[in-house]
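> Have a look at this one.
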Amino acid sequence: MLIFPLINDTSRKIIHIDMDAFFAAVEERDNLALKGKPVVIGKDPRETGGRGVVSTCNYEARKYGIHSAMSSKEAYERCPKAIFISGNYEKYRTVGEQIRRIFKRYTDVVEPMSIDEAYLDVTNNKLGIKSAVKIAKLIQHDIWKEVGLTCSAGVSYNKFLAKLASDFEKPHGLTLVLKEDALCFLAKLPIEKFHGVGKKSVEKLHDMGIYTGQDLLAVPEMTLIDHFGRFGFDLYRKARGISNSPVKSDRIRKSIGSERTYAKLLYQETDIKAEISKNAKRVAALLQDHKKLGKTIVLKVRYADFTTLTKRVTLPELTRNAAQIEQVAGDIFDSLSENPAGIRLLGVTMTNLEDKVADISLDL
């Protein structure tokens, strides 16, 4: 007996785009000498006394069992010839924005999940293209031609299946899951591959003798609810390829910010003000991209001793003017008590956001 009726909207056309080893791929693109070599984004343990973790790595490094969140020390032990790169997150964010602009050519219904992946609803796309597969191929082509990177794409009628499909063939793959193929596709998947099913849930499912999508399909809804509560309701539907979650292009952003951590501490006011300027310009650009304005400017300062100060100023009018943001953030810094310790982190954030208003001056 079903607790809730099964409603399966199969009319949508959803694409999930996942960049291939994104950070490492950007570094390889910008330094051809790295091609074909194991590249790890993370601090070199030989320079940090073994401290640090792997942010990500390329496919060559993955052959040695290296993966995200592994300690840099273990990564080095697995592959002493690996090339460690601390990473340039400002550059990665810039590339990520370039990719999102490509998405927007095809649809405004884009839900970024992180800097390197997003869902797109192309049911009613800007170009009137009926085939979601064709759009996915065009996006892959545009990203490769304009950005010099590859991505994997999953196409289906909901986000859950599109996400699984993008993981199915990497790198630079494209997998389509039609409604008539969904049950067969899911039946063969190990339960740990199901997006949204965490490690503890996998262990519990294994204890119940459930190892694949086929196993999960055979379990009554009430049994899953008894074991997992509300999540059991979701599991029952996942096994049947049912997920009506919309692509949320209208996520409410509460703030837009930019911050950087410095390996070399900042002491000189000229250097500090220069970094505040960079962050302010970054925030202004992000406000422009997201068609937002803000009133409250927040400066975050973290010193060498990890003392962290946060101070904000609310303006009388909305703005996204880079010079104004820089001026206010600089004034906030000037108002702080002097601290002889060097600065290890600076951040500028805009809050109290509102959508762009046509009659407000937006000059950057």
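For all residues, glycine too, the Cβ spot is worked out from N, Cα and C.
So Swiss-Prot lists these for the protein:
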- 14-198: domain 'UmuC' (DOMAIN)
- Asp18, Asp116: Mg(2+) binding site (BINDING)
- Phe23: site 'Substrate discrimination' (SITE)
- Glu117: active site (ACT_SITE)
> Looking only at Asp18, Asp116, Glu117, the recorded positions on record, which one has the least crowded Cβ, with the fewest other Cβ atoms within 10 Å?
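Candidates: the recorded positions Asp18, Asp116, Glu117. Fewest Cβ atoms within 10 Å: Glu117.
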> Output, ordered by sequence, the same-chain residues six or more apart from Phe23 (site 'Substrate discrimination') with a CB under 8 Å from its CB, or 'none'.
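In sequence order, Ile41, Ser55, Thr56, Gly87, Tyr92, Asp116 meet the Cβ cut-off.
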